[in-house]
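Quick look at what TrEMBL lists:
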REGION    1-32  region 'Disordered'
TRANSMEM  49-70  transmembrane segment
DOMAIN    62-303  domain 'G-protein coupled receptors family 1 profile'
TRANSMEM  82-105  transmembrane segment
TRANSMEM  125-146  transmembrane segment
TRANSMEM  167-186  transmembrane segment
TRANSMEM  201-225  transmembrane segment
TRANSMEM  246-271  transmembrane segment
TRANSMEM  283-306  transmembrane segment
Amino acid sequence: MTLEGREAAGQPQATLGPPANGSGPSQELEGHWPEIPERSPCVAGVIPVIYYSILLGLGLPVNLLTTVALARLAARTRKPSYYYLLALTVSDIVTQVVIVFVGFLLQGAVLAREVPRAVVRTANILEFAANHASVWIAVLLTVDRYSALCHPLHHRAASSPGRTRRAIIAVLGAALLTGIPFYWWLDVWRDADPPSMMDEALKWAHCLIVYFIPCGVFLVTNSAIICRLRRRSQSGLQPRVGKGTAILLGVTTLFTLLWAPRIFVMLYHLYVAPVHRDWRVHLALDVANMAAMLNTAVNFSLYCFVSKTFRATIREVIHDAHLPCILGSQPEGMVVEPVLKPPGIPKGAEL
């Protein structure tokens, strides 16, 4: 997702001058877009800059801590779900760095958009690739959980760390390839004319790849999982909702809710009113982008809320990082009392 919101910082308030042929803005905005003579103001002001600074300052360290914890759990248990969650967290880190830091804060707020167009378009490839990778790794996690619950024998026979890593690498490669066409993405803040056929195709491709197709997979697989659990309950068996399943339902639900405003505003801009001409659409896209980026920082809270194993691993990571600092601060020759280390996670434990 290209954060068009980065263009909102320092958005010019001047009206657009008439084109060179003197035809006026009515011909420039002919078609289905309303004729509004002035460029929409940035109603949000500096709020997006403050929001993204806080999101980056809190979300990036939290995601790095999550990466270390999931890497330990993946190495101990060798379960596919941990590898998928680890890849998902790394994709969120890349998204925060490329979109929030480089795209919005550095390019939009610090450099005031004084960046060569080729650099901006190249950054578009990385931004869309990071989004595609994050979303489709969540799809892999969903398919893995569906297979584990609905086809357990086949899942045990087919799953392995090597196969999981190959699937993740394939998704990352596909994400990079699908990001290349977005080099020609036309920023919605500069859409002075009705969208061309290529621009409309790219915006629909963005909505399909990042939202509609993944949400369709989430809906089908999650519905199958819930129906499976209900059948167990009706047959007299105890319907056990595992922690991995709870995390899956939480991750996919949060993604669906937080990305929905972004997709709605994008289609509204495409067919009803342009962002750069209607301050209400301008504000709506700012808020929608902020909600979509929040998705990169909320998974840590979800993991902590659901999984006792994850919480214990987080405490272990923090303890291991804090202990060298304590030892290093002691005067030379001082004997340090041994500190009890948190018990390790038993092999085979799951989220």
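Cβ atoms are placed via backbone N, Cα and C, with glycine included.
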Of the listed stretches 82-105, 125-146, 167-186, 201-225, the one with the highest count of C-beta pairs below 8 angstroms to the transmembrane segment (283-306) is 82-105
Lying 6 or more residues past either end of the transmembrane segment (167-186) yet within Cβ distance under 8 Å of it, the residues of that chain are 2, 83-84, 87, 121-122, 124-130, 132-133, 136-137, 140, 195-196, 198-199, 202, 205-206, 209
Among 49-70, 201-225, 246-271, the most Cβ pairs under 8 Å with the transmembrane segment (125-146) come from 201-225
Sequence-distant contacts of the transmembrane segment (201-225), meaning Cβ under 8 Å and at least 6 residues beyond its ends, amount to 1, 128, 131-132, 135-136, 138-139, 142-143, 145-146, 149-150, 178, 181-182, 184-186, 195, 245, 248-249, 252, 255-256, 259-260, 262-263, 266-267, 270
Rounded mean pLDDT within the domain 'G-protein coupled receptors family 1 profile' (62-303) lands at 88
For the transmembrane segment (246-271), the distant same-chain contacts (Cβ-Cβ under 8 Å, at least six residues beyond its ends) come to 1, 32, 85, 88, 135, 138, 141-142, 145, 188, 191, 195, 200, 203, 206-207, 210-212, 214-215, 218, 222, 225, 281, 284-285, 287-289, 291-292, 294-295, 298-299, 302-303, 306-307, 351
